[in-house]
Amino acid sequence: MRLHPGHLLALVALLGQQTVVATLVNSNLIRTVTLGASAYVTEQIGVVVQNTDTHATHTSYRVWAGDAAKLERLASLHVHERKSGRELPVTKKDDMEYVVTLGSPLAAGEKIGLSIDMVYTQMAQPAPATNVGQEDDQRWAWDDQLLVASPYATRKQKTVVSLDGNTNSNGGTRLVRHEGARGSRDPDTGSVVFGPFNSGDTAGRGRVVFVSNAEHVEATGLQREYFVSHWDDTLHVSDACDVRNAGPSTPGGAIDGVQRMMSRFTGARDHLIKSFVVHVPGTAREAFFVDAIGNVSTSAIGTVGKRQKAVHVMQLKPRYPLAGGWRYAWRHGYRVPLGEHLRRATDGRFHLHVPFIERLVASSSSDKHLAVPDHSAAAVLDYELRVTLPQGACNVELRAPFEAEYRIEHAKHYLDAPGVARPVVVVSMRNVPPAVMGQNVVVSYDYSWAAMWLKPAAIAACVMGLFVLASVVSRLQFGLAPAASKLKSKAE
Amino acid sequence: MAYKVFGLTASDQTSLLRIAILGLISIVAVGSRLYSVIRFESVIHEFDPWFNYRTTRYLVDNGFDKFWNWFDETAWYPLGRVVGGTLYPGIMVTSATIYNALHLVNIPVDIRNVCVFLAPAFSALTALATYQLGKEVKNATAGLLAAAFIGVAPGYISRSVAGSYDNEGIAIFLLVFTFFLWLRSVRLGSALYGALTAIFYFYMVSAWGGYVFIINLIPLHVFALLVMGRYSNRLYVAYSTFYVLGTLASMQIPFVGFQPTFTSEHMAALGTFGLIQLVAFASYVRTLVPSDQFRMLIRLSILGLFVVGFGGLVLLTMTKVIAPWTGRFYSLWDTAYAKVHIPIIASVSEHQPTAWPNFFFDLNMLIWLLPAGIYFSFRELSDNHVFLILYSLFAAYFAGVMVRLILTLTPIVCVMAGVAMANVFEIYLDFSKTKAEAENMAVATAPAEKEKEKGKSQGGAGEPPVAVAAKTLYETAGFKRFYALFPKIVVVANFLYFLCMFQWHCSWITSSAYSSPSVVLASRGPDGSHHIIDDFREAYYWLQMNTKADAKVLSWWDYGYQLAGMADRTTLVDNNTWNNTHIATVGKILASDEDTAYELARRHDVDYVLVVFGGMLGYSGDDINKFLWMIRIAQGVYPDGFKEEDFYNAAGEYAIGDTASPTMRRSLMHKLCYYRFHEVMGPQGFDRVRKQKLPKDITLDNFEEAYTTENWMVRIYKVKDLDNYGRSHHAVSAFEGPRFKNDFVF
């Protein structure tokens, strides 16, 4: 393994910290890693923490989410107290470390059970990176340190790697092999257990290879834009997506044209992503699906499911099927009546409720019928939400049921009068966790009637000004002598 | 007597009506060009527009300075192309100006949409310019008719539908408007209009190579007027102003540079400029010298000048100081010239001579109104009419030899048709005179009738009453009125019918023939359903997304601009066709056997080879059908390599598959098109374009299939890297077997 500068940093930090907090120990730690059909990998660390000091101390607990490479892939980190189930506040101290506030100091010898839930992207990589045949199983490898890094001494720990039971039409997941110290397979659960390891043991890295034929898609760039128009009574929604099939690549990076042709009729499995499905509101109108070189001709909107469970979906078929490692970038969108998302409070303030992000589900099925695959959404590695408010909106703020930092930018569109810009609320997020998907954010702003009439007034003033100017110019005489036609008409 | 309506006088009413009609004409002109956007989408069409679009985007993104100095290393690899110095920047600058103006008032329009709708917007301007031209040479009626004709004439629409983002889209407006300004400057003798002519001529030079037509036609007009003895100070002022300012301005375009001083295309203008100076001088001398001496003087001068001038021209041409005419111009005199000498020009379909039905197809009834217009111009024959006649004759000739030049014929045909029809309507729509005549006749015949009645009563009842009744019928006032009106009504009704049919024809042609983007194809299923075939964009976008940013793609030159525009990858040759050798090299690679092609391709750093194949869908514009041109062009540069005859089989047929000649079967093009094709089409499968049986057992070792589109229209192959063990790729393939195994057994 190559030594990453981040690893060194982590090591230095580890050594430095360990000397400082010798009085708090992890008396027992069990890490459960769940692999499977999802593009996300979850890690749950159950740890019993004990204050070994002689007096009450330690109001916080420090968590290392892993080395620098792993931190890059961290999507979310939540900590609960196991006994009460209470979520504990977590703050990011620096690039490496998160601090959990425990509330009251731990009494001497007191133990507290913590549950640390982490979600990562890109933790499972295709192995081998290239498949021999297009229809071969997709194999993935999870590879990580077997000992959980912590600033505290850990007396006993083990890592359990379990496979998600979620099965799908492509054959579900199945364990192939495991490598690593003290690894064994639990015959009852099918999980792989590494450990237990006691304080002072060395373990190195562990590796679990498994088969998952589900679609593993990463959105390397995703941008959602809401454009609020009060005059039009419309909310324009558009998503710019740049996705990559994270699965094993095909031989020579190519796909078999003959097999592609034939699988249209036979429906044979080929791991090529043939469509994406996104939810759209039933009132969506003027949907579009374009990429850098124009409309993509193949797309459909329809209802899936029965009665109450029916949902409206938009099926987007990319220009070409995506083999492992292939990219595709596009933009889709629609408009919905603004009233569905905007409310005016009694104090006159406007509140816009909109989904923070829409799930993007990939499908490799050749089935021509519209269907929503039941497996999880694409992993979103880089996300940006932009909400463009009308010209003159002010006192803008964004509230979300999760931690989201936002900034306000300014933009101008459609004959906006000079001097007054449209506020744009921008939220950027790396590694969007699945829990956030489907949640709404609320953008609140003030918008006076004067601001609303500003543009029509400005345009009317411009037109009037032009009219007056034309009228004045037509009455002025620029020539040295009066024009012949005018003389003639005077003579008449 | 003039009635006031809404307080407007009759002349105000006419002005208002004229503006309203012109507005409607503009709307129709724009509207009829939008079929392609409605049927397909707002997309750039065909081939050259993709280059214009790409350069416009570059201009918008990087500013004028960078655009002007742009060296594009991704074209004509490894030579590159000095883009700023080898294009007519008019259309790009126009679009970028519109784009920036719209953004200045915060209208966030996409540059693609500006480019797509530029030609329709300019067609509305062309209609206005044609109105001015018609008004200048005849009257407002002729102008309005001409504007209505040019608005919908398919000859112009063919090059200006939405998405057809090419130089001609704005150039026709500039052509017409420059001619209008020229005619006005000649009529008024105005230096101001002469200068305006020069400015619009400069705009035209910056926009289209067809400016050569202006710089030859205007001198020709001047020359004709001089020969006809119609020299005037007005002409002198107009031409001198125009030529000096126009030429200086045109030299500011890098692509034109010093050409106006040394190329044959511009010599007529220079010569005429000299001539008019001499004529002006002569006419001045005439006022000073007695007429006998003057005659002698003028004869001697003409003789001397002719000898010196002609000798000088020949000498300068022979010493190559004056560049000879370019190949494309030679093919204007001799239509077979290009086929023999320059296959690359002959291979382009729009450079072929025009078939007769094309004139009717593109101009409908206007083509037979053209001679009528010429006739009416001869009847009046002012300076302006001389111009119209010259323009008609020359444009008609050029349109006959090269199909794309119907475009330059269309404006004059519309003006002439407008003049002709205005003359017809002047006579046949003037019912006031008819009414008066009929009434006069009725009054004149009334006493005679009374006389006859008198005679009848005197002569008794011997005469048959029927005859009396017949006489009465012919000679009644009502009948005479009808007799006077009937021919007018018939003629007017006929022409209205023709006008309706013209509009019908134009809409139909526009809709069915000129509104296909060619980048996207459409087909209809047996149940009438509409299918979009989008293989080109599928392949181009795949290249853009899934190959290295600096990958070099080899394809026939037709697809060069599209590859650069849509796939954003480096190409070896493109539609600029400036380097025949390079194109011939590409032709040679495609026509050679696999090993030779591999070696040549690697020498040119080629990563991918792209071929267009219509065998599955029946798309006849594919590379196999263009292959003979590739061979001819390659053969012209590499005569020792192969011969065109080698690609015909023993029966002399251009065949594919197992009946093809061995050279054809070995050629890379044949292999790339048909590789594994029989596996999808089955043992009885055949090529749907050639209607021939497919070849089997095509082996391909040095190239590997990278991507084949949904309908197999575009096939992309990767040029393999050298083997790590130094083996030949044939040996590697023999050892490893095929990469993809066919599990489908028919």
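Glycine too: its Cβ is placed from the backbone N, Cα and C atoms.
All TrEMBL annotations are machine predictions without curation.
Taken from TrEMBL as is:
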- B:17-417: domain 'Oligosaccharyl transferase STT3 N-terminal' (DOMAIN)
- B:552-608: domain 'STT3/PglB/AglB core' (DOMAIN)
- B:16-38: transmembrane segment (TRANSMEM)
- B:114-134: transmembrane segment (TRANSMEM)
- B:140-157: transmembrane segment (TRANSMEM)
- B:169-202: transmembrane segment (TRANSMEM)
- B:208-228: transmembrane segment (TRANSMEM)
- B:235-255: transmembrane segment (TRANSMEM)
- B:267-285: transmembrane segment (TRANSMEM)
- B:297-323: transmembrane segment (TRANSMEM)
- B:359-378: transmembrane segment (TRANSMEM)
- B:385-403: transmembrane segment (TRANSMEM)
- B:409-429: transmembrane segment (TRANSMEM)
- B:482-504: transmembrane segment (TRANSMEM)
(message) Would you say the transmembrane segment (B:359-378) and the transmembrane segment (B:482-504) are in contact under the rule of three or more C-beta pairs closer than 8 Å, pairs 6 or more apart in sequence?
(response) yes
(message) Ranking B:16-38, B:235-255, B:385-403 by the number of C-beta pairs under 8 Å to the transmembrane segment (B:208-228), which range is first?
(response) B:385-403
(request) Express the predicted model's confidence over the domain 'STT3/PglB/AglB core' (B:552-608) as a mean pLDDT, rounded to an integer. (result) 92
(request) Verify whether three or more Cβ pairs under 8 angstroms connect the transmembrane segment (B:267-285) with the transmembrane segment (B:140-157), leaving out any pair fewer than 6 apart in sequence. (result) no
(message) Within this structure, do the transmembrane segment (B:235-255) and the transmembrane segment (B:267-285) have 3 or more Cβ pairs under 8 angstroms, counting pairs 6 or more apart in sequence?
(response) yes
(message) Under 8 Å between C-beta atoms and at least six residues away from its ends: which parts of the chain pack against the transmembrane segment (B:114-134)?
(response) 22, 25-27, 29-30, 33-34, 37, 42-44, 49, 52-53, 56, 91, 94-95, 98-99, 102, 140, 142-151, 156-157, 159-166, 169-170, 172-173, 176-177, 179-180, 183, 411, 414-415, 418-419, 422
(message) Counting only residues 6 or more past its boundaries, what in the same chain has a CB within less than 8 Å of a CB in the transmembrane segment (B:409-429)?
(response) 126, 130, 133-134, 137-139, 141-147, 149-150, 153, 155-156, 172, 175-176, 179, 362-363, 365-367, 369-370, 372-377, 388, 391-392, 395-396, 398-399, 487-488, 491-492, 495
(request) Would you mind listing the long-range same-chain contacts of the transmembrane segment (B:359-378), meaning Cβ under 8 Å and 6+ residues beyond its ends? (result) 137, 149, 153-155, 158, 385, 388-389, 392, 396, 399, 406, 409-410, 412-421, 423, 498, 501-502, 505-506, 509, 513
(message) Quick check on the domain 'STT3/PglB/AglB core' (B:552-608): DSSP residue counts for helix, strand, coil, in that order please.
(response) 33 helix, 7 strand, 17 coil
(message) Checking distant contacts: for the transmembrane segment (B:385-403), what same-chain residues at least six beyond its ends satisfy Cβ-Cβ under 8 A?
(response) 137, 179, 182-183, 186, 213, 217, 220-221, 224-225, 228, 230, 331-332, 335, 349-355, 358-359, 370, 373-374, 377-378, 409, 412-413, 415-416, 419
